Structure formats: C-alpha cells, structure tokens
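Novice: Before anything else, here's the structure in question.
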Amino acid sequence: MAKDDDPIALRAEIARLRDELEQAHTAAEDAAEEAARTARDLERAERELARHTHTGREMEQAMAQLHDQLRHSAAVQLELQTDQARSLTVEEELNITLEEMQLVIAELEAANIALRDANARLERRVTERTTALATANAGLVEAQARLSLALRAAEAGIWDWNIATGHMMWSDEYWKLHGLMPGEVIPSRESWLATILPEDRVLVEATLQTCLERHVLDFTMEYRIRHPGTGVRWLAARGRFLFDETGQPRRMIGLSIDTTERKEALQVLDALNHELAARVEAEVAGREAAQRTMFETQKLEALGQLTGGVAHDFNNLMTVVISALHLLGREPLNERQQRLLRRIQQASAQGAELTRRLLAFGRGQDLRPVTIPLPTHMQELRELLVHSLRENIEIAVICPEETWPVRADRGALELALLNLAVNARDAMPQGGSLTLSATNRQVPAAEAKLLGVPTGDYVELRITDTGTGMPEGVRQHAFEPFFTTKEPGKGTGLGLAQVYGFARQSGGLARIETRPDEGTSVILLLPRATDPALTEASAAPGGEPVLEPVSVLVVEDNAAVAESVTDMLGGMGHKVARASGMEPALEILASEAPIDVVLTDILLPSGRSGADVVRAVRRYRPQVPVVLTTGYGGEAISDPDLIGLPVVWKPYEPKTLATMLARALRSHPAEIQAAVSNAPPWEAPVA
Ligand SMILES: Nc1ncnc2c1ncn2[C@@H]1O[C@H](COP(=O)(O)OP(=O)(O)OP(=O)(O)O)[C@@H](O)[C@H]1O
Ligand SMILES: [Mg+2]
C-alpha cells in the first residue's frame with residue numbers, strides 16, 4: 001500500500017489497485033466459469049451416481065450458494081466502477097474503493113474457501129460414488145458370470161426377440177442346442193420356426209399368434225427340432241412378452257432347454273402305465289369272464305342233472321311202452337286197433353327220440369369214446385360241413401399236423417359239428433365264412449378249476465362264423481335245452497344243448513364267444529386221447545337176430561322194465577332168469593342154472609354196477625357173453641371192464657335187442673378174452 005500524503009503515489013497505488021481489482025474481477029469470472037463447469041461435471045457425475053444413490057442434493061445446494069455469491073460480488077464491483085467513481089473526490093473515492101476492495105477481497109476469500117470446500121466435498125462424493133459404482137459393477141460382473149455358468153450347466157439357451165425391429169439374439173448355448181455354429185443363420189422369427197419339425201411348427205405358430213393377439217404374458221411351448229448331429233430332439237421354450245403402454249408387443253425374451261430325455265422317460269412311463277392299466281383291465285375282465293363261465297357252467301350242470309334224471313325215468317317208461325306195444329302188435333287186432341297202435345308207436349318213437357336228445361344234454365347219451373386222429377379226420381369233417389351249408393358260405397379248415405388226437409364219440413362229434421354248422425348257416429343268410437380250427441391246449445390247474453374240467457391236455461376246436469352274432473341275453477341261454485330264437489317249426493333249441501352235453505360228457509367243455517353283427521365262435525375243448533390202443537367199438541345195430549332159443553339172465557332193478565324185457569325175450573322164444581340186483585345175480589351165476597348170455601343194466605342199486613356183474617360172470621361163467629343196457633350211463637360206460645361190450649340203449653326195439661344178443665353170442669369168447677387181457681387185476685365180487 002502507498003503512503004497517504006503523496007497524491008501521485010496514491011494515484012499510482014489506485015491505478016495498481018484498479019488493476020488488481022480488474023484481475024480479481026477476471027479471476028472471479030474465471031472462478032464462476034470454473035464453478036459452472038464443475039457444476040456441469042458434478043451434474044454428470046450425479047446423473048451417473050443417481051442410479052445407485054439418492055443423495056447429492058447437498059452438493060447442488062452448495063454449488064448454488066457459490067454461484068450466488070460470485071454473481072453478487074461481480075455486480076458490486078461493476079457498480080463501483082460506474083456510479084461512485086464519477087462524483088467523489090479522489091480521497092473519498094480512494095477510501096471507498098479501499099473499503100470496497102477489502103470487502104471484495106474478503107468476499108473473494110470467502111468464495112475461495114467455499115469453492116475449496118465444495119471441491120473437497122465434490123471430490124469426496126466422487127470418490128465415494130466411484131467406489132460404490134466399482135463395487136456394484138464387480139457384483140454385476142460376478143452375477144453375470146454366475147448366470148452364464150448356470151445357463152451353460154443347465155444347457156439353457158437364451159433368446160431375445162425385438163418384435164418391433166425383428167432383430168433376434170441367440171445365446172451361445174442356444175446355438176449349441178440346435179447344433180448350429182453361431183452366425184450360421186441370421187437369428188429371426190423365420191429362422192427360429194425353420195428349426196422346428198414341420199409337424200410341430202403349425203402348433204407353435206398358432207400358440208405364438210394366440211399369445212400376441214390375446215396379450216398373454218407368458219409363453220410355454222414344447223416342440224421338436226432336428227439336430228444335425230443327434231436327430232430329433234424335444235425342446236421346451238419358456239418366455240415372456242413385453243408390451244408397451246399402447247398394448248403393442250415390443251419384445252419377447254426367454255430360454256429353451258432340451259427335454260428329450262425327460263420326454264422319452266415320460267413316454268416310457270406312459271407306455272408302462274398304459275400297459276399296466278391294460279393288464280389290470282384284462283385281469284379284471286378275465287376274472288369276470290371266468291366267474292361268468294363258472295356260474296353258467298354250474299347253471300347248466302344243474303339243468304343237465306335235472307334233465308338227465310327226468311329223461312332217465314322217462315326212458316324206462318318208454319322202454320316199457322315200446323316193448324308192450326311190440327307185444328301188442330303180435331296180438332290179433334282189428335284194423336282200427338292196428339291204426340291206433342301205429343299212432344301210439346309213432347308217438348312213442350318220437351318220445352324216445354326226444355328222450356335221447358334230452359339225454360344228450362343231460363350227459364347221459366350213448367357215447368363210445370374212441371381215439372380220433374383229427375388231422376386225418378378233418379377232410380371228412382370238411383365234407384360234412386360242405387353238405388350242410390349253402391354255396392355262399394366259404395369253409396376253411398385249419399388243423400396242423402401236430403394236433404393231438406382227441407378222445408370222443410365220433411358220431412356225437414359229427415352231430416355236434418353239424419349242429420354248429422347249421423346254426424352258422426342260419427346266422428349267415430347273406431353268406432359269409434365258416435372256419436373250423438383245431439389247436440392244442442394245455443389247461444393248467446387254476447384255469448381247469450375255473451372251467452370245471454380236469455387239468456391236462458386238450459384240443460380246442462373252434463367253429464367261427466361271420467354271421468349275426470348273439471346279444472348277451474341270447475348267449476347266456478343258448479346252451480339250454482329248448483332255448484331258441486327261431487320261428488316255431490324252424491328250431492327246437494336242442495342243437496347247442498347236444499353240443500354242450502357232448503362236450504361235457506366227453507370230459508371237456510363248450511363255450512361261446514360272440515359279438516352282435518360280427519359273428520360267433522363256439523369253442524369245444526376235448527380231452528387229448530392218451531391211449532392210442534383204444535379203438536372204436538362197433539355197435540351199430542345190424543346183423544341177424546338170434547334164431548335158436550337161449551337162456552338169458554336179465555339183471556334189472558326196475559320191475560316194469562324187467563317185466564317188459566322178459567315179455568320181449570319170451571316172445572322171441574328165449575328162457576329168462578331175472579335178478580333185481582347184484583346179490584341175486586351172483587346167486588344165479590354161482591348156481592347150476594343154465595345161462596347162455598347175460599343182459600345187465602349198467603346202473604344197479606346199492607352202488608353196484610354192470611361192471612360188478614361183468615366181473616362176476618368172468619369168475620363164474622367165463623364163457624358167457626354179456627350185453628349191457630342203459631338209458632343213462634355215459635360215464636359208467638367208461639369203466640375199463642365195460643369197454644368193448646355191446647350196449648343196448650333204452651328204450652329199444654325187440655329187434656335191436658335180438659341183434660345185440662346174437663352178435664354177443666357169435667363173437668364170444670374172443671371178445672371176452674380180449675377184454676380180460678386189457679382189464680385191471682381181477683377183483684372178486686363181494687359175496
Ligand atoms: N352261430 C350262431 N350265430 C347266431 N346265433 C346263434 C348261433 N348259434 C346259435 N345261435 C342262437 O342260439 C339259439 C339256440 O341254438 P340251438 O342250436 O340250440 O337251437 P336252434 O338252432 O334254435 O334250434 P335247433 O338247433 O334245435 O334246430 C338259436 O336259436 C340262436 O338264437
Ligand atoms: Mg341249432
């Protein structure tokens with residue numbers, strides 16, 4: 001500062017101060033400018049930092065204060081220069097100037113301090129924010145690394161579709177999922193759809209369209225692609241649509257994973273489930289069917305027993321009626337009496353036929369089981385079928401060479417097949433086909449129990465037609481005697497009854513499989529013939545009646561039948577000795593009474609049978625032939641001691657009886673010898 005008493009020095013001092021003021025002024029302006037720049041930088045930094053923090057307001061306030069201060073001091077300086085400098089004395093002016101200068105300097109100093117503080121704070125904040133930003137960035141980088149590691153581990157591919165521009169991004173993993181090299185195609189909606197199998201593409205497009213139209217946010221889809229290396233693969237895509245405020249879809253982003261293994265495992269599981277369900281269903285159905293079969297078999301057995309019992313008694317009555325009629329015919333009768341007699345004879349013949357058919361169902365028919373080698377017999381059976389069918393029915397017979405022989409009565413088997421063929425014909429009025437097939441079948445214990453047959457080997461004969469089939473209500477009753485759906489006069493309802501009775505009496509089974517409008521199969525299970533030595537016993541009536549009178553021992557418990565047989569034989573000139581059971585028969589056989597031939601019923605009282613009589617005859621009169629008679633003995637006849645012996649079936653005509661006695665006498669003793677040699681160890685009758 002200059003001395004106060006030297007005006008020149010003062011002026012110089014003032015000039016210098018003016019210079020200084022001006023410099024200060026300029027410095028202030030620079031500072032203001034610098035502050036503004038800093039403020040801008042600060043603002044930028046603030047904007048950068050604003051994402052991580054909400055502070056900064058303080059900084060802004062400090063800067064604003066600084067601005068104000070700087071602006072204020074600049075204005076004061078300008079006023080000083082203009083107004084006051086014009087009117088005051090040099091001294092006053094100087095003083096004022098000095099004061100003002102001091103003020104300006106003080107303000108400048110304050111401003112500088114404030115600026116330094118602001119700068120320091122700014123630097124601190126910037127450092128703080130930079131650190132926070134760096135930490136955040138490091139976290140972000142780590143999260144990103146973790147995400148991409150997880151995506152790679154999960155083999156999940158990311159896609160990001162900018163719907164507005166059509167631009168699409170596929171991650172490395174996404175390319176890999178499709179077996180493509182990055183950049184091999186340009187990712188787009190079209191190139192995405194092109195990776196999908198055509199069969200699935202339509203559905204995918206439709207789903208995509210639906211999502212877009214209905215503004216569905218989430219997109220889930222499973223489809224197949226063809227991977228150039230591994231073939232067809234399943235991909236599951238899951239994504240989300242982003243819509244703008246006007247509802248326009250802007251972006252779709254999501255990820256895809258390969259679900260082939262899971263899908264395949266599911267398919268296997270599904271198949272297993274289906275199989276299991278089918279098996280359970282089949283098992284249940286099988287059990288139900290078995291139960292039904294058992295119930296039906298029991299019902300038919302009961303019905304068979306009832307029918308057989310009635311038919312047996314009826315048969316005895318018919319024997320009496322027929323033999324009595326025969327004797328009556330020998331009496332001198334007038335014409336009217338003869339007419340009446342013929343009518344009664346006709347009716348009784350029909351009655352006898354009906355009884356025979358009922359016995360066939362009631363397991364009591366005249367059956368002589370023999371060994372039938374089916375493959376050699378099939379041609380004959382085929383011809384039998386051809387004759388009973390119309391020309392518009394095709395016939396196929398399938399019987400492999402290895403088919404076992406069956407043990408059954410040949411005539412009854414033919415009759416059964418004939419009945420079945422006629423039924424099939426009636427069920428195919430417009431024609432069709434009939435197939436007869438034979439298959440070997442082993443029936444294990446469990447199944448045998450259900451079916452009601454012994455365990456063992458069987459041949460399954462299946463007669464299948466392509467006819468009308470039967471509704472369940474008909475199928476359930478079809479085997480019952482007299483059940484028919486045919487018009488009166490067209491069917492008696494005894495055809496299937498014969499089939500059933502034949503199969504049961506042969507030790508087998510018959511059942512029906514049918515479906516309305518599809519056709520019917522009748523299945524016959526016949527036992528396998530295990531003894532090929534057993535041959536057919538010829539018992540067809542024929543030959544000459546006995547002419548010479550002989551002595552006949554008649555063993556018959558039914559008094560009426562015994563009476564009529566005695567009459568019949570007496571009428572032929574024979575002598576008759578009668579025994580009502582095993583005990584009196586034994587007495588006669590053991591006595592000296594002359595006996596040329598024995599006629600014995602198979603079923604005798606007290607649990608005895610014709611077989612006991614046969615054994616007694618072999619003991620006491622080995623030269624005497626035996627003729628059996630029965631009305632109900634299909635099973636009894638299977639006794640080994642009875643096999644091969646002639647049988648007269650009740651009711652019989654005198655001529656039949658005469659023929660059988662004659663043949664027995666003629667063939668004896670060779671037949672007896674043969675039978676003896678086949679018989680089990682001889683068993684002494686109980687005295
Ligand atoms: N192959 C078949 N297809 C369709 N329905 C059948 C068949 N076989 C039998 N049926 C039905 O079973 C019923 C009984 O048959 P069954 O052979 O016992 O008597 P029918 O044929 O009516 O008379 P019959 O045989 O005594 O002349 C028949 O009336 C018919 O309704
Ligand atoms: Mg029939």
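Along the chain as shown, the residues are counted starting at 1.
From the backbone N, Cα and C atoms, a Cβ is placed for every residue, glycine too.
TrEMBL lists these features:
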COILED    14-62  coiled coil
COILED    91-125  coiled coil
DOMAIN    143-215  domain 'PAS'
DOMAIN    219-271  domain 'PAC'
DOMAIN    309-530  domain 'Histidine kinase'
DOMAIN    551-665  domain 'Response regulatory'
MOD_RES   Asp601  4-aspartylphosphate
Novice: On the 0 to 100 scale, where does the mean pLDDT of the coiled coil (14-62) fall?
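Specialist: Mean pLDDT across the coiled coil (14-62) comes out at 66.
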Novice: According to DSSP, does Asp601 (4-aspartylphosphate) fall in a helix, a strand, or coil?
Specialist: strand
Novice: For a quick check of packing: other C-beta atoms within 10 Å of the C-beta of Asp601 (4-aspartylphosphate), how many?
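Specialist: Step by step: centre on the Cβ of Asp601 (4-aspartylphosphate), count other Cβ atoms within 10 Å, giving 27.
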